[in-house]
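What follows is a short report on a single structure.
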């Protein structure tokens, strides 16, 4: 049983179920980033931990076509953390905040056994893009390359090392591209649990089936924490979107099409699930 | 060294340092509520844990004269939690959300070893009240009775039991009183770390000294997690405030006065500190 879905069904209302909740022109997104669940200390420096925790939260905002403005940080730190280590961590938060024009406006700090980071990002948008909104016939695409994070993760799990600029450490957000194409997009979400799992969510919320246009590898389908964007758009906007992708130097892959839902077109996620 | 202050000084800007951060008409507050730090499972039912975690966050909003509207929940739950236990927890969140007219609009759930609850409350106000704003001559008061939570906490720590309606379980928020008196209040904050510690913060941010008007007991001064409100106001509003207190059936205690800061009037917190 998927306990995460169970819990969120209990809170179900018109505002949740997306990467962020839209209230007026504000979008609110919140994610936990936890030692032993999302990362291990021996894999990442404190600066890398802070950097990634900010980026994965900002990713939610971008996928909704919202510009991040403010952040609230809740941080639990081990009792024995040194001032130098606190500096490393706060420098990571501040670096990304500066890069994206985000102001850290408050939060809470406690002392406990391990690092838990809870970030709330407050973003602004005039045209939010939801998971819901795709239509029969829409093309489906994703940004960037998928699969590397899975391989990087496997190397780390086997005690190996990966490059400091690998995507596992620094998700490569596609804000410049996505803000420009947003007006042509019907539905979108960031790819955090793997294309296959996230595609199944997007199709389900739109009650649509799937027609593949490309054969994707298991690595492409099942690689989590990619923080690329999965999006749906009308075929008539394909050229405009490709042009913007070219101008912003952003790779996109059109891999499928939304079709009417029936027993043959129903998309089923076959990747192993990591949650709960 | 106070690592919490050290961290938040690193993020210092015009918006933080209060119970909540004010942006336009919105107030954002965020607190962590963690098993083993703020509560133990054997002390509280899951419903009580959820209830208290919501109330302590709503308390921040009320002390700023803001009306809570939306909540984002980040919840880490033990892997072996049952559906019945999830129901207990979600019922607690929903009960308080309903009581205060708060909509739960999203969040994040993960599976880990213990319960970590991170709540962001989004509130609205036309007249935010800050910690800063008190003047020389202002009277200082607190709502309710202080001291009981310290005693209840000691009973629990010694393996005893406390009543289900004790303040340790259900903070008794003073929203009805405080929204009505807010226009007469110069500065306020909720009492989470004990009157003495929180008074020292309020006076410091206003560069003011303290003149006691009453002798308070150590229990009253040093009891944390009371979630009563500490507030400062001009003496000319005393009668109006007392009248509203009477009408809303709210006990208030005027215990001191803000005076010019010098070495004799500087207020020094003598209670044991619990943080870090």
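In case you wondered, yes, glycine gets a Cβ from its N, Cα and C as well.
Please treat TrEMBL annotations as automatic predictions, because they have not gone through curation.
What TrEMBL says about this one:
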DOMAIN    B:17-122  domain 'PurM-like N-terminal'
BINDING   B:19, B:29, B:60  Mg(2+) 4 binding site
BINDING   B:19, B:60, B:190  Mg(2+) 3 binding site
BINDING   B:31, B:60  Mg(2+) 2 binding site
BINDING   B:31, B:108  Mg(2+) 1 binding site
BINDING   B:38, B:225  substrate binding site
BINDING   B:193  Mg(2+) 5 binding site
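Take the Cα of residue B:108 (Mg(2+) 1 binding site) and measure to each of the binding-site residues B:19, B:190, B:193: the nearest one is B:19. When the alpha carbons of residue B:31 (Mg(2+) 2 binding site) and the residue listed as 'Mg(2+) 5 binding site' are compared, the span between them is 13 angstrom. Taking the Cβ of residue B:225 (substrate binding site) as reference, residues of its chain lying under 8 Å away and at least six apart in sequence are, in sequence order, B:56, B:149, B:153, B:168, B:171, B:192.
Sorting the binding-site residues B:60, B:193 by the number of other Cβ atoms within 10 Å puts B:60 first. Checking the binding-site residues B:19, B:29, B:31, B:190, B:225 against chain A with a Cβ-Cβ cut-off of under 8 Å leaves B:29, B:31.
Taking a C-beta cut-off of under 8 Å and a sequence gap of six or more, residue B:190 (Mg(2+) 3 binding site) has these contacts in its own chain: B:19, B:59, B:60, B:62, B:63, B:198, B:227, B:228, B:229, B:230.
Cα of residue B:29 (Mg(2+) 4 binding site) to Cα of residue B:193 (Mg(2+) 5 binding site): a distance of 16 Å. Rounded to a whole value, the Cα-Cα separation of the residue listed as 'Mg(2+) 5 binding site' and residue B:38 (substrate binding site) is 12 Å. Classification of residue B:60 (Mg(2+) 4 binding site) by DSSP places it within a helix. Residue B:225 (substrate binding site) carries neither a helix nor a strand DSSP state and counts as coil. In the three-state DSSP scheme, residue B:19 (Mg(2+) 4 binding site) falls into the coil class. Taken together, the residues in the domain 'PurM-like N-terminal' (B:17-122) have a mean pLDDT of 92 on the 0 to 100 scale.
According to its DSSP assignment, residue B:190 (Mg(2+) 3 binding site) is in a strand. Every protein chain shown contributes to the tally, and the Cβ of residue B:108 (Mg(2+) 1 binding site) ends up with 21 other Cβ atoms within 10 Å. Of the chain residues outside the Mg(2+) 3 site list B:19, B:60, B:190, B:18, B:20, B:29, B:59, B:61, B:62, B:63, B:64, B:189, B:192 have their Cβ within 8 Å of the site's Cβ mean position.
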